[in-house]
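Colleague: So that we are looking at the same thing, I have put the structure below in C-alpha cells.
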Amino acid sequence: MSYLQQQLKSFNASVIDSAARLPQQRRIINSNVAGSTISGSSSQVPSSSSTPTPGGDPWQRRHNAEIVYSQPADTGTGKDIMTQVLFAVEHMKGKATPLKFSEILSYLSLRDKAHDQAYVQALRKILQAHEKVRYDPSGANGEGTFRFRPPYDIYDSEQLLKHLQSQSTAAGMNVRDLREGWAGVEETINELEKEGKLLVTRNKKDDHAKMVWANDPSLQQRFDDEFKQIWEKIKIPDSQTVKEELEKAGITPTNKNKVVKARPKVEHKKVKKPRRSGKTTNTHMMGVLRDYSHLKR
C-alpha cells in the first residue's frame with residue numbers, strides 16, 4: 001500500500017508542475033459594466049497588463065485600420081519656423097513689389113504661434129538675414145520691406161543684353177536662374193531671338209529656352225538668292241564614293257577599321273652569369289683548406 005501511495009504522490013506532483021508551465025487564460029473585463037462578478041478559478045483573474053483580444057471594440061478596430069503608418073502624419077500647416085520661412089520666400093518670389101512684414105504674416109498660417117511675440121520676432125530676423133531675401137529697412141516709411149533676391153537683378157531686355165555683352169567669357173546664362181526673378185523672361189528671349197540679338201539653346205522635350213548668349217547682328221551675312229541656288233545644286237557624294245576616292249589616293253578613311261599587325265615576338269636567350277667567388281672568411285682554417293684557384297678555367 002505504501003508503494004501505491006508513493007506513486008500517487010509522484011503523479012500529483014508532476015501534474016502540478018506541468019500546470020504551472022502552461023500559459024494562464026486571461027480575460028478582459030469591460031470597465032463600462034458596473035457590478036460585474038468574476039467566477040471561476042484564480043487563473044481567470046483579470047490582469048492590468050492583459051492585451052486586447054481580436055474580439056475587442058469594433059470602433060477601435062475601425063479607427064486603427066484608417067491609420068496609414070507608412071505615410072507621415074498629417075499635421076496641417078508647418079509648425080517648424082524654417083517651414084514658415086520657406087513659405088514666405090516662395091510667396092515673395094511671385095510678387096513683383098516689396099512686401100511688409102505684416103503682409104507676410106497675414107499670408108502665413110501661424111495659428112497659435114501668431115500671438116507668440118518671441119516666435120514672430122525670430123521669424124522676422126531669419127527673413128532679414130536670408131540669402132534669398134532683400135531687406136530694405138527704410139521701406140514703407142521706415143517699417144521695412146522684404147523682397148525676393150534672384151540670382152540676377154535682371155528684369156527687362158535692356159538689362160539682359162547689357163549683362164551678356166559685359167561678360168568676359170562665352171559662358172552664357174541659364175534661363176532657369178533668370179526665371180526666378182523675371183516671370184516673363186521666355187517671351188522676351190523669343191523676341192530677341194527673332195531680332196537676331198540672342199543665341200538660344202532649347203530643350204528637346206518642351207522647346208523651352210535653356211541657355212542664352214549675346215549675338216551681334218552685324219556679323220550676319222546676307223547672300224543673294226542666285227548664290228543660294230548654285231550652292232543647293234551641288235551634289236554631295238555618298239559615303240561609299242568618298243571612301244573609294246580616298247583609297248585611290250592612298251588615304252585611309254577615318255571610318256575604316258585599321259588592322260593592327262601583331263609584332264613578332266623575339267625570344268631572348270638567358271645567359272648564365274658566372275659565379276662570383278667571395279672572399280675567404282674561414283681564416284681559422286687556413287692551414288687545413290687548400291687553394292685550387294689556379295685550376296679555374
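Glycine residues also receive a Cβ, built from the backbone N, Cα and C atoms like all the rest.
For reference, TrEMBL lists these features for the protein:
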type: REGION; residues: 31-61; note: region 'Disordered'
type: COMPBIAS; residues: 35-56; note: compositional bias 'Low complexity'
type: DOMAIN; residues: 69-155; note: domain 'TFIIE beta'
type: REGION; residues: 268-297; note: region 'Disordered'
type: COMPBIAS; residues: 268-278; note: compositional bias 'Basic residues'
Colleague: Looking only at the domain 'TFIIE beta' (69-155), report the model's average pLDDT.
Modeller: 84
Colleague: For the domain 'TFIIE beta' (69-155), DSSP counts of helix, strand and coil?
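Modeller: When I sort the residues of the domain 'TFIIE beta' (69-155) into the three classes, I find 37 helix, 10 strand, 40 coil.
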